[in-house]
Ligand code: NAD
Ligand code: ZN
């Protein structure tokens with residue numbers, strides 16, 4: 001089968017024939033229709049320090065996808081051939097304390113599709129049926145293919161009550177922009193998003209941010225004043241992984257504010273802990289998506305009118321994958337989709 005493989009320990013990715021994956025007793029075989037390129041795939045493409053430590057070579061990469069069930073193991077129930085599915089990319093152990101308590105997103109033995117095991121940038125993918133999520137008919141293949149990062153946005157954004165609250169999002173990458181759209185949809189008042197990339201800030205405004213602030217030329221405190229916010233932000237969603245953005249967030253939070261942190265800093269990050277203590281801030285780390293509450297929320301947010309379409313800015317056929325990675329790397333894009341059908 002056709003597949004995108006990390007074949008060499010150097011920058012790049014290669015379109016190559018791989019054997020069709022074997023279907024275990026509890027697995028689904030999924031024929032992939034569309035995949036999307038994640039920031040993680042860019043790290044793997046660029047072969048940065050993290051990838052060198054993490055990614056086995058050779059390996060099929062990719063974890064954002066939609067496809068159709070074409071076969072399944074003998075123990076699988078609840079799915080049938082022809083079901084349209086995406087899937088949770090974190091394969092959990094099922095036997096640790098958190099797994100057994102139903103808190104699968106906190107499993108300490110998680111394996112990542114397209115990170116620690118064979119991924120979705122291929123004509124076929126197998127995953128445990130447990131990890132699959134059936135896509136309702138009225139949700140398009142395009143949107144279904146980005147449920148993984150949309151889930152990061154939803155898990156983070158819905159960590160705290162947003163109704164009537166003022167929300168600060170640092171980082172207008174695809175996930176930050178989707179989080180802004182979610183925050184507005186569920187009833188936040190001001191949704192201020194920051195970045196240093198004008199293309200992405202414009203997209204964030206189009207998708208519902210009240211103010212998109214370029215912190216390389218505008219002071220966040222001026223925007224806060226303009227909006228008439230006298231006390232600071234109630235909820236912060238850190239989605240950049242940039243230490244200066246997080247420090248700025250701590251500075252602008254109201255007392256008793258709540259912060260959910262998704263962005264991954266490159267290394268240790270110094271912050272003024274006195275701000276956390278004296279403001280009585282609550283800080284929550286976010287990894288992945290809740291299984292499967294976040295998935296249900298994603299489907300129902302779209303069914304209740306959340307419009308995510310503008311976040312998909314580019315689509316390429318799989319033979320043009322190189323253009324897809326270049327577009328994603330340029331910063332002048334939202335989500336980039338690769339079509340396999
Ligand atoms: P991204 O890299 O596309 O977005 C990060 C954005 O931050 C970029 O648009 C960048 O221009 C912006 N930025 C740079 N400097 C900034 C500054 N000073 N202030 C504000 N913004 C600034 O990434 P993404 O795919 O949208 O993901 C967002 C973050 O979440 C990344 O750090 C990613 O690694 C992380 N992530 C975490 C999980 C998890 O499970 N915890 C899952 C997916 C992604
Ligand atoms: Zn576990």
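Cβ coordinates come from backbone N, Cα and C, glycine included.
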195, 200, 262, 263, 264, 286, 287 show up in TrEMBL as binding NAD(+); which entry in 175, 311, 312 does that record put in the same site? 175
As a test of the contact definition, list every same-chain residue at least 6 positions from residue 40 (active site, charge relay system) whose Cβ is closer than 8 Å to its Cβ. 63, 114, 115
Distance-selected recorded positions near ligand 1 (C-beta under 6 Å), from 43, 63, 200: 200
Among residues 175, 195, 200, 262, 263, 264, 286, 287 annotated as binding NAD(+), what is the maximum Cα-Cα distance? Answer in Å. 23
To the nearest whole angstrom, state the Cα distance for the pair residue 93 (Zn(2+) 2 binding site) and residue 287 (NAD(+) binding site). 16
Just to be sure I understand the packing, how many Cβ atoms besides its own are within 10 Å of the Cβ of residue 263 (NAD(+) binding site)? 20
Given the binding-site residues 99, 107, 175, 264, which one's Cα is the least distant from that of residue 38 (Zn(2+) 1 binding site)? 175
Cβ under 6 Å from an atom of ligand 2: which of these binding-site residues qualify? The list is 96, 195, 200, 263, 286, 287. 96
